[in-house]
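What TrEMBL says about this protein:
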DOMAIN    A:3-157  domain '6-phosphogluconate dehydrogenase NADP-binding'
DOMAIN    A:162-279  domain '3-hydroxyisobutyrate dehydrogenase-like NAD-binding'
ACT_SITE  A:Lys168  active site
2 protein chains.
Amino acid sequence: MSRISFLGIGLMGAPMVARLLDAGFSLTLWNRTRSKAEPFAGRARIADSPAAAVAEAQVVITMLENGAVVDQVLHHSGALAQLQPGALVIDMSSIEPGMARRHGARVEEAGGVYLDAPVSGGTRGAQAGTLSIMAGGEEADFERATALFQALGKATHIGPVGSGQLAKLANQAIVGITIGAVSEALLLAARGGARPDRVRQALLGGFAGSKILEQHGERMLQRDFQPGAPSRIQLKDLRMILDEARAEGLSLPLSQRVFEQYRALLASGHGEVDHSGLLLELERLNGVRLDGELP
Amino acid sequence: MSRISFLGIGLMGAPMVARLLDAGFSLTLWNRTRSKAEPFAGRARIADSPAAAVAEAQVVITMLENGAVVDQVLHHSGALAQLQPGALVIDMSSIEPGMARRHGARVEEAGGVYLDAPVSGGTRGAQAGTLSIMAGGEEADFERATALFQALGKATHIGPVGSGQLAKLANQAIVGITIGAVSEALLLAARGGARPDRVRQALLGGFAGSKILEQHGERMLQRDFQPGAPSRIQLKDLRMILDEARAEGLSLPLSQRVFEQYRALLASGHGEVDHSGLLLELERLNGVRLDGELP
């Protein structure tokens, strides 16, 4: 079986590495802070540099913070110059679609092939191997990654390079706006005298039913805003969505509106609450609380 | 078993009556246009007036177009004066919460008890007996209606009188806004070069997953805007949501924004398309189409 180098052993990377090892893949790991890779020392090689990791692999996976870090680790470090002919580079980080296309072009220049394959499902999905993987690139390259993706979750081939990132942006737009919709619906019903927990329950089986109503709705009712996915990340994603829309000449009224709401949420100091905490901004705007307590 | 009078044999009322008859209930029917009740002539009594229908029933169900029509049929017609002592009036129409409270007070004055119990699930849900029923009123009155609701779908007791209507408004707010979210997400991804059908498929299993993405997303991809639920009804519901919000002193930014979008959709002549046709307004705004065809 071909050797995989995995670059970026963070909150998402670590459980993904664990699943790949459990599935029997041979891994070389690299992380800027080497100590985060050490727990795997008995089961995987640990490389001293991105270039050393890239040099010995037929498949290179990156799971990094943003597009600039991917650029730094793969390109500016000189790692791509070490790429084996025909090696497959899979960037599973969430970055701008345009940047993914530039990375793809660089990998091709270096003699490799490239997939962008961001994920949704969070750390829980990474641990359980139930990530939703959205992949952009050539069909043949996608098929080459099948066994590997199967160890991590469910993969869908969305289109050419950049399409995985576009699907991730679509995901984040729907998630952010639906959180806003659930906030407004529950607050409206509660202020009118209905029990918001019963509203959630009644709506779950109908057309208003969604994962967000189920999980984030419950967090709103419990006022449990431990992340999950912090609001500052949701804001960053919405900014990427609006940047991409602008680049395509598109106006997206609801994405724009919910972006402004998350910006206001952060401005009032709530960057670290879960993204379901958008309710707090709606409560602040209206001077009332969902649970009827004084604000 | 107590006799039920059912007033309003329309698109929703007719399949609901059929299910109640199948479940063995004894029904008296009334409809303004008598011919719509005639198909049930062998299985149910047909009354000549609302008053005649109300006079002989222990349970009165109304399924009418709006609150003013309910007022006309129950109150101005003189029907409530015929109400049996302790009779249960269940209004399953979708009307303003404040109007439901006024109907409730009138029924009480007339010696009866009242539930507001609007539904979601459409004509298909009515036929299949899978309606989601959202009920407001006293717990004891809700329990009295259990067997009857079971023949029609799944009922949830939301709170005091008016709460059923509040839950229905919450439902419609989430539905309208989520349709807008899915429109924006698919258009963004498609314009960037991704396959929107694959985006929908990839997102269904994750946090962006919803009934709307599943069913209305598919209609957008097929450009099949046969209603379903016409956009003019979604606009009417959003107007009710904003009126109710105003009455409660609430500002609901996303409900407001999507209301404006549906208003623009109707202004361009699309009142009769399914509410998933909000995509058409987003396409008009941007001068592009989801399927890449020229607008």
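Backbone N, Cα and C define each Cβ position, glycine as well.
Under DSSP, residues within the domain '3-hydroxyisobutyrate dehydrogenase-like NAD-binding' (A:162-279) fall into helix, strand and coil as 87 helix, 3 strand, 28 coil.
For the residue listed as 'active site', the same-chain residues lying six or more positions away in sequence with a CB closer than 8 A to its CB are A:Ser94, A:Pro118, A:Val119, A:Ser120, A:Met134. Within the model, the domain '6-phosphogluconate dehydrogenase NADP-binding' (A:3-157) shows a mean pLDDT value of 96, rounded to a whole number.
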